[in-house]
Amino acid sequence: RMMEIFRNLGEIDEQVVPITIFVAVLCLILVICHILQENRWVNESITALLIGCASGTVILLISKGKSSHLLRFDEQLFFTYPLPAIIFNAGFQVKKKQFFHNFFTIMLFGVIGVFISSSIITAGSSLLFPMFGFIGLTPHDYLGMGAIFSSTDTVCTLQVLNQDETPFLYSLVFGEGVVNDATSVVLFNAIQKLDIDNFDGWSAARLLGDFLYLFSTSTALGVAVMICISTLWCLFVSYRHSTIREIALMVLMAYLSYMLAELFHLSGILTVFFAGIFMSHYAWHNVTDGSRITTKHVFAMMSFIAEMFIFLYVGMDALDIEKWKMNKLSFWNSLGIYSSVLLLILLGRAAFVFPLSALSNCMNTTSTSTIKPKHQLIIWWAGLMRGAVSIALAFKQFTHYGVPLDPINATMVTTTVIIVLFTTMVFGVLTKPLVTYLIPHSRRNRNISREPSGASLDELNLPLISIEESAATNFLRAKQSFSMLIGAPVHTIHSFWRRFDDAYMRPLFGGPQSNEE
């Protein structure tokens, strides 16, 4: 009977066995991660990478050195299925109150910071790579590489930080991480459309214009789709609840927002990110309690599996003999390339974290929103790790269905894999002692952040303009608001938004009032 089973296995489609083994390895990762749940030295990403390397070694030995892969990476499938799940969950799980209160600082780090980091990496690599005998990259490749290595992975730092003990710092690290990923993808896609041969000052302006167009329209599309679904729920679904249909509709509408953006040639990543934010802010409150709990865990589960899939593949890809054989550089020149990229990542990160932190401190006058030097160092460190988005962009830029076509592209793919492995495993392991040293546990408990002062709940509940009050009262209120805007612009804009949200948006589209959150 057993011999018959083995004979039948040989007749099965050759893709079934690799997929089965890959899923089994993913299950093994989940078991090990559950065992190591309380260990903050080794997170899920490091576990998946280590198991991926071990699996690749076993496959390499079984295949007698021919291949370390079970599956071939299709970058287009990654951008269609796993990546939207990762980005949507990031938007869905974000703490909106902290995110929007620190929106200005998060956008500084996540958008302006990407441009600064990308510029430094692009310029530095074009100067340093020829020194190690690595030539042949086009200006288009250098620009793409700047976007690739500007994408961060803040998972290691977030697992060490406690959201309840350091909400302000956690919000900055988390918010900047997800906005950074979305911005890097938008910038990468804008670069793909750039005509490098006729690049001049107008081309740079067009690049910035394309980025702003993609950023604004993609954000608007994500918000519009979620406003539509919130309206649909308020008008129809709320009268007859069905947990299964509610969950199915939320999942499908989330994915629909991504596909609509791709259909209109916008940034699906940015669209699905803001769709996640506004779905959890409005539509999520219109469904049953069972649907709320289930969708929250379903989105987190899909994102977790997608990330583990990527890191497992990266671990296996590190032992891909074909790519290493295609690399024509010597060991020392290759080491110089890896070191150069790592140095540029460090410099690019420092070039915007510390100056933009100073700018944010000037714009924020409240003590709870001040980024202290120790916090700046943690934010800088948190963005040094590279992860799934960097791998996906590198494969999209330098491979064709996971296979590099020449030695130059093979060198760039292996460089990206080495950088992801090194930053995740080395910097990831050092994250806990660094954060523990800079923010001792006892100090974290003493510094638990409270609601930002400056506007009471009564003030937040006041209307922006009331037709029931006299013109003089409305004029005086407007004058006071203008003074607040000049003195504390970020805090004032946030308070205006909360008042507008409570007065008009939430009664229409769903969600609790501010004093109920």
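Note that Cβ sites are derived from N, Cα and C of the backbone, with glycine treated the same way.
Copied over from TrEMBL, here are the features:
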type     : residues : note
TRANSMEM : 16-36    : transmembrane segment
DOMAIN   : 23-435   : domain 'Cation/H+ exchanger transmembrane'
TRANSMEM : 48-65    : transmembrane segment
TRANSMEM : 77-94    : transmembrane segment
TRANSMEM : 106-136  : transmembrane segment
TRANSMEM : 168-191  : transmembrane segment
TRANSMEM : 211-236  : transmembrane segment
TRANSMEM : 266-285  : transmembrane segment
TRANSMEM : 297-316  : transmembrane segment
TRANSMEM : 336-356  : transmembrane segment
TRANSMEM : 377-395  : transmembrane segment
TRANSMEM : 415-439  : transmembrane segment
Original post:
Counting Cβ pairs under 8 Å to the transmembrane segment (415-439), which of 77-94, 211-236, 266-285, 297-316 comes out on top?
Top reply: 297-316
Original post:
Are there at least 3 C-beta pairs under 8 angstroms linking the transmembrane segment (266-285) and the transmembrane segment (377-395), leaving out pairs fewer than 6 apart in sequence?
Top reply: no
Original post:
Which listed stretch (77-94, 106-136, 168-191, 211-236, 266-285) has the most C-beta pairs under 8 A with the transmembrane segment (297-316)?
Top reply: 77-94
**OP:** Might you confirm whether the transmembrane segment (77-94) is in contact with the transmembrane segment (106-136), defined here as three or more C-beta pairs under 8 A between residues 6 or more apart in sequence?
**Re:** no
Subject >> Selection from 168-191, 211-236, 266-285, the stretch that has most Cβ pairs under 8 A to the transmembrane segment (77-94) >> reply: 266-285
**OP:** Would you mind listing the long-range same-chain contacts of the transmembrane segment (211-236), meaning Cβ under 8 Å and 6+ residues beyond its ends?
**Re:** 111, 183, 186-187, 189-190, 249-250, 253, 256-257, 260-261, 264, 266-275, 278-279, 282-283, 286-287, 508-510
